[in-house]
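For reference, the structure is listed below as structure tokens.
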């Protein structure tokens, strides 16, 4: 409450001139409008330009449906796997000291710094027909590149840092005292994780999952390299949008794009809700401290 | 349960936290580990708990080697300096945690857990807070809940790390007395770490004074205060005046302690400095700089002829009779003193 009241009361001494305020505000809003709102509106406008019927038709088309299905499947596989590995990595880094810790942190950041196209290429070089493991995979009739496993791998690589990066600072800030207390009280490592560590990080974790999910659904570059663009088989929605666009099928292209945009909007709402929840919880804790 | 610490050593990089420490904690006693920060007291406590592994030496619990026993199986209760309460659990669940995580065959049923938790909350006089969250409690309340939680598992040993360190003076005093009473009630072997000499002297049955990874002295509060074994203990437990025999020739000779040559230092507590208005043998001349009345005592700041400061304490009654004023010249001599060789490293 304290913080709110101090920011609400502003004297002329701490405020800029009116024209400065307006200038900055206008600049910011114009920028926001041109770079964020306008493109979003244009997607829906383009998609609906020839009416709802055509829009609907474009979405119902089997290739579009299969692309959407593949996107959701890939997301459903890669996000939970990244969830497990992200939590494990963050736990190890934040709660334990070991040799090579900083190297591990750097490795986790690698997908952020490497171009997604390079990420896709790595998998082609390893699993592709001319790659290291290519002959062996062919001999055993296992398809990874130009098939679903390759897409999942590429998506996982690109989205790996999201959850770990979100959790490491949070877990480091919380320290290890609660875990130590649980251990002294007789809890096993497993019990400590489920009953102490996980409840303490749940909001941060959910936030990471949402970001990871958004990226997994929208990933283009890495997936494009390993997918092979086989319609109805290895085409994800972002790839399908590109194909349709290149075929001058604008309505269908924007219709599919609008689905991705909708998913992004849903993600944003979820993200905001999680942030709001976390803030509320923290505010409650702070208020409680001041009360007593 | 008794705890035996046998030549425990611990090194953090090039820093020696513990240098082959030996100590025996008797069954049922309340022992204080006292020392300045960085003296190794918390490390020793954490090694007893099993939260830290020693580089060498052994820990015996009740005569049995427990050096390699996992923290979980040591059956110790540990109270952390910053309480480490589980923030997402209510007070009730915090205290119940140690019982709920037990394996199925030793876990009490829900009714039993409820009874035990309320019993403990009553013991720490906070039963009315059972449904609150840690963030809603004051520091003193959190500390008592942390204690109840540690006691819930019926530990054989209770270990407390700076239990009152984060509290304000008034709450601290209350909790000290309360801990003493609690220990008399529960009577579990307890070790607590503190850097506050008053706290150690008031609460503990025995005090272990530590410095630079070594134990300087072990004894009852009276022993360590009245007959300090080393200059460090003398200086750490209360204020002290130092008189170098070379400088204050002949001064250190008074009392039953003869001068041990040129390089001797006499340690005299402020309340053992006697003030005289008339010159007498074996006294030093001093000038009174300041007179401060603090509660029941009056503290006098004096300076010798060579400028060395000396502190003296008088009771209010004694001061009322003599009425020393600042600026006055007096003659001082110690009622009792302890002499240590000068080269003794502090």
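We count from 1, first residue shown onward.
For all residues, glycine too, the Cβ spot is worked out from N, Cα and C.
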When TrEMBL marks a stretch as transmembrane segment, which of A:144-164, A:165-185 is it?
A:144-164
Taking pairs 6 or more apart in sequence, does the count of Cβ pairs under 8 Å between the transmembrane segment (A:20-45) and the transmembrane segment (A:250-270) hit 3 or more?
yes
Maximum Cβ pairs under 8 Å to the transmembrane segment (A:144-164) - stretch from the list A:65-91, A:103-132, A:205-230, A:250-270:
A:205-230
Using a cut-off of under 8 Å between C-beta atoms, tell me which stretch among A:65-91, A:103-132, A:250-270 contacts the transmembrane segment (A:205-230) the most.
A:103-132
